[in-house]
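Residues annotated as transmembrane segment in TrEMBL: B:21-40, B:178-202, B:229-253, B:259-279, B:291-310, B:316-338, B:350-368. Feature annotation from TrEMBL assigns domain 'ABC transmembrane type-2' to B:136-371.
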Amino acid sequence: MKQLLVFIRKEFYHVFRDRRTLLILFGLPTAQIMLFGYALSSEVKNINLAVVDFSKDVATQQIITKIQSSSYFNLQQSVLSYADMERAFREGKIRAAIVFPTGFNDDLRHVNKAQIQLIADASDPNTATTITNYLTGIIGDYQQQINAAAALPYQIQTETRMLYNPDMNGSLNFIPGVLALILMIVCTTLTSVSIVREKELGTMEVLLVSPFKPILVLIAKAVPYLVLSLLDFALILVLAVFVLDVPVRGSVVLLFAESTLFIICCLSLGLLISNITASQQVAMLASMMGMMLPTILFTGFMFPLENMPLPLQLVSNIVPSRWYYLIVKAIMLKGLGFGAVWKETVVLIGMAVGLLGISLKNFNIRLA
Amino acid sequence: MRILKFLLRKEFRQIFRDKSILAMIFAMPSIQLIILPLAANFDVKNVNLAIVDNDHSTYSQRLISKVGSSGYFRIIEASHSFKEALHTVEDNRADLIMEIPAGFERNLVREGSQKLSLAVDAINGTKAGLGGAYLNRIIGDFNGDVRLQWMQSGRFNEATAIDVTSSNWFNPLGEYRFFMVPGILVLLLTLVGGFLSALNIVREKEIGTIEQINVTPIQKWQFILGKMIPFWVLGMIVFTIGLLIARLVYGIIPVGSLATLYLFAGVYLVALLGFGLLISTYSDTQVQAMFVAFFFVMIFILMSGLFTAIDSMPPWARAIAYMTPVTHFIEVVRMIILKGSGLADVTRQLLYEIGFAIVLNGWAIWNYRKTN
């Protein structure tokens, strides 16, 4: 036990001696969470919209004013021909166009039926759908206004409640996701170089001739990074709560316990990568280049996991941040207790134990 | 020139000697490009819905089956109370709850109006917004059916209707992969080029070989060029492989000109590699270089407009997004591949990239010192 403590102290010295790396480890995730907290949201706003008005009458003017007063759209100078509109699409100046045919108002008043054409740039299909929905909604409102005089009977009204996020804070979903992502990449990469560096520098041989059990070497390597990562987590959490107004509705203690578990899981993964790679360069490329996009996509905060083909849904199950993200959402945003996240917790425990076991088995006593 | 040739030969040999790095450069992006676009799908078609029917009437049944058959919703549970339904939201099984109050049918027919309540898991804004909008539209349709059934024709004036037709240009079927594949290709290129170049010079610092180079009469610009050209070649190969995968696996054939695309990729890579080398000249260890590269690459990725719309960001964030080379490249790749935009349409972005390339590389050469 005393041996282990001495060894852990040595590792701490190593980590804390390098001030510049420490600064990077705390400064950069902090900056990231602030930046993404404010910048990312799944809302669609400020869309550049062209109006192609062949009619230019009272009704089209009323609809245009209605669109202008919503915060979703920036009206561009109105274009007068399809050719101009097409050019604007190709240059990326507009995302959507609304076309009023000639005699719009006349049709509306006399025939009781008029047409509007919406064109959306579907090279981004999601935004295109959202834009079409917004515009259809605004036009529907206008139509109701016209019909208001003849109040229609048999009305179903809907009342919508926004659960957990009544203010519709667009970044609420991203903060737990980005938190899981940053912790996962930072913890894994950090430990992935720990052993391989000693191999590369040659100091590993010194360790291996000492009467130390391999598991103690692994534990001693992991403890300083665990402490660092927890401090990182605490810092990010404080920022999220006090600067970004993200609520912590559930128990902070439970959140810390689950985060510790998640960090252990990532550290084990890092140790495993460190064991099976031969150079720092390969270890880092594997843990960053190899994991960054899969982690972003399979954590579930960008794209709904249930939309993925089944094999990929199965793949997402082996990404630890996916489970951690569910836990953070449940505790922080929904205010649920351990009862709601025990399944995810069991999965993370299983992963941590499994990864540590494999790492230990792969930890070569002899150097190649 | 001769010195540069020797340097290049050395760098190429170093790269090709390490098989695991080579595998990482070519295999990893290829595999990711084949798989990941399938995962990035934002069709809002599978909104999970929990229903609480307190009325159990013909009308409530009709409404439920209308919602169920719309294609947008999966009814995952018919709960007995709102509290029970809330559990399905807590467990992430449902995104939306529709509660039909008792007396729904009677009130609708006799009193002429009735309220329905929806509760939306608003943590994920897009799904909440779109799901709610779809559900409202379906309820509106249902309302129209009911009205039609109870109102004799001719008794009321026909209501004015605006007929809205919408069309999707450049991707008529709204295929999400057409949107994602070019973007993911750019990201993978960025990961490969950015990380490899960021690690490169600092690695020589850490191992100590850089001192040997420093005592030779090699010029700074020769040294940087010697580092850059091999990665540039590798990057262009990765880009070509990516385009081939896009074509063979996803059937994406660029509408615009390949020459423009390659011109842009070439300039972009020079800018990106300059960025990596710049990080390398500032760092003491590979770990530092890696984390600084990670910091910027993650900003590049998440703010590039691939996952969230840049237009929706606050103005200062939009400014940051436009200060990163990746944003422009993703925009241009999509424009050329999907919309067939020509060189004239993308001149502005090309000038940006050339600017990035000059500034970043100039800075890297300036900051690289031959003496420590």
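Cβ from N, Cα, C; glycine included.
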Considering only the recorded stretches B:21-40, B:178-202, B:229-253, B:259-279, B:291-310, state which has the highest number of Cβ pairs under 8 Å to the transmembrane segment (B:350-368).
B:259-279
Recorded stretch that, among B:21-40, B:178-202, B:229-253, B:316-338, has the most CB pairs under 8 Å to the transmembrane segment (B:291-310):
B:316-338
Who are the long-range neighbours of the transmembrane segment (B:316-338) in its own chain, taking Cβ under 8 Å and residues 6 or more past its ends?
170-171, 178-179, 182-183, 185-187, 190, 246, 252, 254-257, 260-261, 264-265, 268, 271-272, 275, 296, 299-301, 303-306, 310, 345-346, 349-350, 352-353, 356
